[in-house]
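**Student:** Just passing along the structure, written as structure tokens.
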Amino acid sequence: MARACFLISLVVASCLVWKAHSFALSAELVHRFSDEARAAAGIGGGGGERWPTRRSEEYYQMLARSDLQRRKRRLGARYQMLFPSEGSETLSLGNDFGWLHYTRINIGTPNVSFLVALDAGSDLLWIPCDCIQCAPLSGYRGSLDKDLSMYSPAESRTSRYLSCNHELCSLGSTCDSAKLPCPYRINYYSENTSSSGLLVEDILHLATNEDHASVQASVIIGCGRKQSGDYLDGIAPDGLLGLGFGDISVPSSLARTGLIRNSFSLCFRDDDSGRILFGDRGLPTQQSTPFVPLDGKYDTYIIAVESFCMGSSCPGKTSFHALIDSGSSFTFLPNDIYKRVTLEFDRQVNVSKRAINNESPWEYCYEASPLGMPGLPKIKLIFGGNKSFMVINPIFPFYNTEGELAVFCLALQSSQESLGTIGQNFMTGHHLVFDRENLKLRWSRSDCHHDLDNSRRMPLGSPPHDGPENPLPTNEQHSFPNNARVVSPAVAGRALPANSSSVSQERVSAWYSLSLLLTQLAVFAIG
């Protein structure tokens, strides 16, 4: 009887397995550039999205480029880290150059050197080029050892203009012809500050950290023919290196072509020197916090601060989102957070007399005593998981004509926006890794020289610039770009609907369960 029951069960189970098999493993294959994929992606005939004509030259170029990128992802990055060919060092030139950090890069063939500002809040690398309206490129000998440069695509053997139908041309729809050079215009947060011109592809000269070998990387450059606002008043007169998430940025280009992993690092010292390293993924001992999407997209490096602490006190309701922006000299807080933080700082400062300093953009300034700087509360930011970021020096000093400390200010400013900005003054003293691959900001205390040199054998480059003893700030740049994002190319095709995927998984699960039942019945019968 038992054997008969087993045989009946075996027949029933076999029928069920055969039935499941008859409909479980069926799917329609759709080519990424087919009409079906185009319709599924919702791309019509009148939009600006890129969709190649079947069997055209562009069609095969896009397929080949996609295959090359897939191959490079499988093989991993070619180099551990890269840095500008003149060295990894950055430097701040004080008030004359807007308090930003700069690095020297070489572009074109023959190569021309440019001193570009580092801006993690925007994407495009632009330099003065065939100028209609640019900042003066000479007269800086008090701060620099040589004059600044201007770029001309006609003088570089490796340059070529991007056409209006290129996938990275966000203003292509404004062109009269698809074959015309692609225009660009970026409006920055500072009032009436912009850069405009034409997009060019050319060589950026880099070096490796392993043996300092030369690497030539093809990148997109803004031929900045016309600048306005702060870019005519001493800020970034020789160009700006955008380090943002956008496809057009240098970190994105280097990672997309397989030269490095999708990451870079910045490290600023309080002596105005620092480092920039492309491909740096940081150290296992570093703390981290995730980047936060803005409107569902990772367009900028935004983090979530849970509380802003001074000493042992963490005032309530001090959580906010902040942009990590090397293009901002100082730090800005949303107005309500600013009031709570500054009142608590003022309560803890052991100084009896507040200073009135009309030259300072900051509200909370104090007269220094002949004994020097008093004890001040430690400032730290708290992130999720109780991760803490200690601010090394949030104070800006003012000296008198005898070189003595006269006034010191808490270098925080109020913003009417709900999004704060963590600027260079809070970033100083930390090895900050922008891990774009894992969408995290990593950090650790660092002197930016010895700890990085010992583990990575970097060249120091030129010595730090000795700035003026008492430079006074005049044009602080709060650089959160407005409409600066370059439109990413449309995704060719889309994933299968979620319900189709779940049905397939259920059928595979049923197949596995019935197969297991057959095995158990067979063991029972044999036993």
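Quick reminder: no glycine exception, Cβ is built from N, Cα and C everywhere.
Heads up, here are the entries from TrEMBL:
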- Asp119: active site (ACT_SITE)
- Asp325: active site (ACT_SITE)
- 472-481: compositional bias 'Polar residues' (COMPBIAS)
- 101-444: domain 'Peptidase A1' (DOMAIN)
- 453-481: region 'Disordered' (REGION)
- 1-22: signal peptide (SIGNAL)
**Student:** Rounded to a whole angstrom, what is the C-alpha distance between Asp119 (active site) and Asp325 (active site)?
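**Tutor:** Between the alpha carbons of Asp119 (active site) and Asp325 (active site) there are 7 Å.
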**Student:** What is the pLDDT of the domain 'Peptidase A1' (101-444) when averaged and given as a whole number?
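**Tutor:** So the average pLDDT across the domain 'Peptidase A1' (101-444) works out to 94.
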**Student:** Which one of the active-site residues (Asp119, Asp325) has its C-beta surrounded by the most other C-beta atoms within 10 angstroms?
**Tutor:** Asp325
